Each structure stands twice: as structure tokens, then as C-alpha cells.
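Here is what TrEMBL records for this protein:
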DOMAIN    4-149  domain 'EamA'
TRANSMEM  38-57  transmembrane segment
TRANSMEM  78-101  transmembrane segment
TRANSMEM  131-150  transmembrane segment
TRANSMEM  183-201  transmembrane segment
TRANSMEM  213-238  transmembrane segment
DOMAIN    218-322  domain 'EamA'
TRANSMEM  250-270  transmembrane segment
TRANSMEM  282-299  transmembrane segment
TRANSMEM  306-323  transmembrane segment
Amino acid sequence: MELWIPITVAAALFQNIRTALQKHLKGRLDTTGATYARFLYAVPFSWIYLTALLLLQNTDTATAITNTSPLPTINTSFLINGAVGGIAQILGTFLLVWLFGQRNFAVGTSLTKTEAIQTALFGFILLGDKLTIQAFLGILISLVGVLTLFKKGKQTTPSLTSPQEPNRTLITRLFRTITTDRSILPGLLAGGLFAISAVSYRAASLSLDDSGFAIQSAYTLVWVTGFQTLIMGAYILFKTPDVFVRVLQSWKVAIWIGLTGMLGSAGWFAAMTLENAAHVRTLGQVELIFTLLIGYLFFKERLTRKELIGIALITAGIITLILE
């Protein structure tokens, strides 16, 4: 088994735990505060993680992971890509937390799972990565799953094949379906922002000298987390300083958000340093299983049959894509 696979699964698990904790924290903080807590409390843990790797760098047991090459040299590409990814992740996290108030925990999180599909599309459009027929099929299956996820009984939007609107084109019906539910576009946008951040983080990590994937990804983690904390902290202090105070007061829960968030990010960064970001994010959809378990065990949430069908279709599309 390639190393990036278990790293990705572990990252998905930590991310899911962090997301569940964020939902709990949102009962005490607004969306901005819950989002900022995820970054602020991850900073000290990211430095501890990097320091531990540096201390282990010259030991025999860590050589295979960290390499013993000289420390990487910071460059402009690293700083810019890390900053772009950091901003995209902030906006994506903000939308994810906001979605909790629109749909239940499992469905709200599932919306952002189009991230893997969008990462593949960004690679095709921006980098010229070719898309095979099987990969395209996976994208279509996942898209149908997203649309199915948001049908609402009698209030559902018209079907893409609705006999009530015979004169409407497929594209028109598709657009109407997406724009009717106010949760759909923010969810898709969150997935797109997370896709941009994934591509940017991989670019940042790979721009460093070859010091081993663990060191490269840890440097990226420290820079991105620190950058996110500074820019968002400045915004909060300027706009709503009381939110900053409440974030500090909520440390008993927020510190665990920071720890699990850092562990998840460390896993994502390491995996994306080793493997194509689209493949990593696609495998990361295993988080859907964790989401259902957490939603059932801790939040006592139930999914409707249509929601289960939608999630199943999204998962089928993801599997089709990753087996390509």
C-alpha cells in the first residue's frame, strides 16, 4: 500500500472530528468565531509538530520519513501559493460552518465533498490535465448525487426531465435546480475553495527543496496556519473584537479543534506532497462514512431515503473517479 493512502484516511478522520467539534462550538460562537478558533488554536500545535520532526531528522528511525537533506529554502512561490491556499481555506471553512444552520450535519458536510470532483476539473482547466471517460463519468454521477441530495418532497425543484416543463432545456433545468435551494451554491462554492486550497498547498510544498515530504509539508503547515491566524485575527479585532474575546474564553473546546485540525492538515499536506491533490481529496471522501457515524452517535441525526441516495451517488462517483 502506498504511504499516502493511510495518511489520507487518518487526515479525513481527524478532519471529521474537528468538524464535529466546530459544530458544537458554534453554539457558543458565531460563524466567524468558530472558523477562527480552528486556525488560532492550531498554531502552537503546528510548531510543536515541526519542531518534533526537526529534532528527529538526524535519527535513524526518522530518516526514511524526513530525509536528512538540508532544511528547505523559503521562496516566493512557497509564500504566494501558501497564502492563496490559506485564504481559500478560510472562506471555505466559513461557508462550511454556515451550512450547519441550513442542513443537518451529515448533509451539510456532504455538500463540500464535490471538492474532489472540482479539484480534478481545476486540474483539467488550469493545468491541462486530461480527463478520461471514466473520470468524466465519475463527475456526472457525483453531480446527480448532489442534486438528489437537495430534493425536498413537495417543495422540491422541478426534475431535470420534468414533463411539466417540456420546453426548458436540460441546462436551464439544471441551473434552476442548483439555484433554488440556498444551501446548494454555498456548499458547491465551499468545495471549490477547498479544491483551490488543496492545489495551492501541493504547489507550495513542492516548491521547497527536497528535504523529505514530512519536512516540506510541515513547513507549509506552519506558514499557512500562521498566515491564516494573522489575517483573520486582524479582521476580527478590527470588526468584532468581542468575538476574539469569546474565542479565547472558549478554549476548553477550541483547543481540541486546534489539535485535531492541525493533525488533519498535517496529514493532508503530507499526502498531497506525495500524491496528486485530486487523488488525495478523492480518497478523502471516506470522511462521509465518518460523518454518518458521528451524526448518528453524537448528534442523533437521521437521514431521509433521498439524502441517503444522494450520498450514495456522490460516493459512487468518487469511487469511479479514484479507480480511474
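Please read every residue number as a count from 1 along the shown chain.
Cβ coordinates come from backbone N, Cα and C, glycine included.
Any TrEMBL annotation is an automated prediction that lacks curation.
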Q | Spatial neighbours of the transmembrane segment (78-101) far in sequence, C-beta under 8 Å, 6+ residues away | A | 19, 22-23, 26, 31-32, 34-35, 38-39, 108-109, 111-112, 183, 186-187, 189-194, 196-201, 203-204, 207-208, 219-220, 223-225, 227-228, 231-232
Q. For the domain 'EamA' (218-322), what does DSSP give as the number of helix, strand and coil residues?
A. 94 helix, 0 strand, 11 coil
